[in-house]
Amino acid sequence: MSSGAADLRQRKKQNCSESDKMAPEERNKENSKLGRAPKYLLIQRFAKLFFGCLAAVTSGMMYAVYLSTYHERKFWFSSRQELEREITFQGDSAIYYSFYKELLKAPSFERGVYELTHNNKTVSLKTINAVKQMTLYPELIASVLYQASGSEEVIEPVYFYIGIVFGLQGIYVTALFVTSWVMSGTWLAGMLTVAWFIINRTDTTRIDYSIPSRENWALPYFACQVAALTGYLKKNLNCSAEKFCYLLVNASTYTFMMMWEYSHYLLFVQAVSLFLLDSFALAQTEKVHEVYRIYLFSVIVGYLLQFENSALLVSPLLSLVVALMLSKSLQMNMKKSTFVSRLLKIMYIYLVLTVAVTLNFLLKMFIPHKENGHLLKFIEVKLGLNTTKNFTMNWLLCQESLQAPSQDFFLRLTQSSLLPFYILVLIICLFSVTQVIFRRICGEPLKETVKLEDGRIGERPEIVYHVIHTILLGCLAMCLEGMKYLWTPYVCMLAAFGVCSPELWMTLFKWLRLKAVHPILLALILSMAVPTIIGFSLWKEFFPRIMTELTELQEFYDPDTVELMTWIKRQAPVAAVFAGSPQLMGVIKLCTGWMVSSLPLYNDDDLLKRNENIYQIYSKRSAEDIYKILTSYKANFLVIEDSICNEVGPVRGCRVKDLLDIANGHVVCEEGDNYAYSKYGRFCHEIKMNYSPYVNYFTRVYWNRSYFVYRINTVISFQS
């Protein structure tokens, strides 16, 4: 097939020695044509690179300062006591930060790591490897940097911790800037990317809600990997730049995998994008397979350093990469001109998918794994293929991040002009890519160098990769609102690239066949005028809002939680174990250090079962049943939250007590609300009445407007 010959020519062209020999000749030809001295061109390129890098770094630093200032205004962070600051970390964020505190309190770093890997002071009756189970490598790195840099006498631990996270967000923005710059050739696209990213901050990042979350640590490294991959896929790249991009892809891929337990799923989406890119012969095969080797290396090293994490071995990423490498070896061993080789080329996609699915099935059969075992059940219920009364599954389905995106999400993107321009750019790129694929099927080879007047933006492999990648991420975002934080940043980048790229406008004018105006001149004008107009309109409408955010003092104060934590630290025994909602248990663990019976983590079957059992305090169960559940986990104190007990949720059927009633068979939600018989009232209500048998099992020791704390009596005997 001619595609094979084209790939061979491209691979030869990428040989570093050949490119080094050809580069001076090409430069001399250009210089002779333009009548300019090489030194002048060198100074011009250096100035463009210098000011572009300066703009990228400045944008990242300004965004980090903006986040820090906004965080200070929102929580009055500097004027709070340590306990009040820690309360701002909620749910799983509180757990992550609590382990950072424990590392700093340890007599040595080695001792601290050992205590985390053999942790029996967090969850009652359970010894866990917290580093493996909760992916605590960010906390390990932060604690090492804090102690090694001698920051103990300069800055408080909490400021050092959130400062690193805000700094990573600055790197995130810088990486998006560079990606858009590399694709469009102008750093004006990077400026527009940053503007759209900040304006749509509620949809591009969840840094406001949970600073220590794993994705806030990991996604900046993924953005760096995407930027490096964009440069690596470019044609006619010189040898030194190619090596730099390759090394950066290596380092950022591995680091990303170590920072987030779900990183391999996102890398799988990226691998699918590269697979489709290679299948249609739109990129150099050798480069794509080098990236596959990087994936394989990262999975193997990640498996070893994450205490033999079996989730990586049964991940779809590993199965796909191995299938791709096996399929490639089969193709290479076949004679290029035979009928079988052509048939294999046609069935390449089917072959890879079949091998990947089969391999993943076999790995799951022979490798014991428990992590994320509920994921398949969740997908079945989410797609309507199955129904369940399971409390945990229904509770997850009710979470806002796992719902389909609301209309407000699309309205916000439209108001900032991001969505209309993204759709325009995507349509043009898709049509151009479709044309290129059709030409490849007809046997027409790709051009080695695409000029501006050609109007073939779909022949640039880095552009095709981003088009496929953003479509796949967009499909996920349309199903789960939580996925919008992965998709929207690249929407900003792709839209900014498109409006600033003369090649995209030239592609459009080629289709329209403009004759009245010179299309190249018009493309150059629009690539400068359109982003300038967008920038001024965004500045006029949204800059005052951003400044208002930074100047207004918001009040965040939770006196009831502060009082509860203070009482626990002063009155509760050191060896006490607390039971309650997982979200509150995370805060208690962070603020007091006391042991808890459950944690707000959803990647462990045992913890999920514990959470469901302890949530029974809000169900219609007897005092004896609840007592047996709590004592089975050696709990000494029970904390009931009035906000859950008297919850009035916006979606009926998604409140905790509703889900418990469904799971326990106390209510059947079909055509109407038909309540089944239960001779017990709701436990969280009945226990407040202080009558028998509740007072026999539980003794109220503290209460305020939001929380009721009960000591679990130990001198109760049950008669069979």
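Going from the start of the chain as shown, residues are counted 1 onward.
The backbone N, Cα and C atoms fix where each Cβ goes, glycine too.
According to TrEMBL:
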type     : residues : note
REGION   : 1-31     : region 'Disordered'
COMPBIAS : 18-31    : compositional bias 'Basic and acidic residues'
TRANSMEM : 49-70    : transmembrane segment
TRANSMEM : 181-199  : transmembrane segment
TRANSMEM : 265-283  : transmembrane segment
TRANSMEM : 295-326  : transmembrane segment
TRANSMEM : 347-367  : transmembrane segment
TRANSMEM : 419-442  : transmembrane segment
TRANSMEM : 486-508  : transmembrane segment
TRANSMEM : 520-539  : transmembrane segment
Query raised in the report: With pairs 6 or more apart in sequence, are the transmembrane segment (520-539) and the transmembrane segment (347-367) linked by at least 3 Cβ pairs under 8 Å?
Result: no
Report summary line: Note: vs the transmembrane segment (181-199), the recorded stretch with the largest number of Cβ pairs under 8 Å from 49-70, 265-283, 486-508 is 486-508
**Report entry** Stretch among 265-283, 295-326, 347-367, 419-442 sharing the most Cβ pairs under 8 Å with the transmembrane segment (486-508)
**Finding:** 419-442
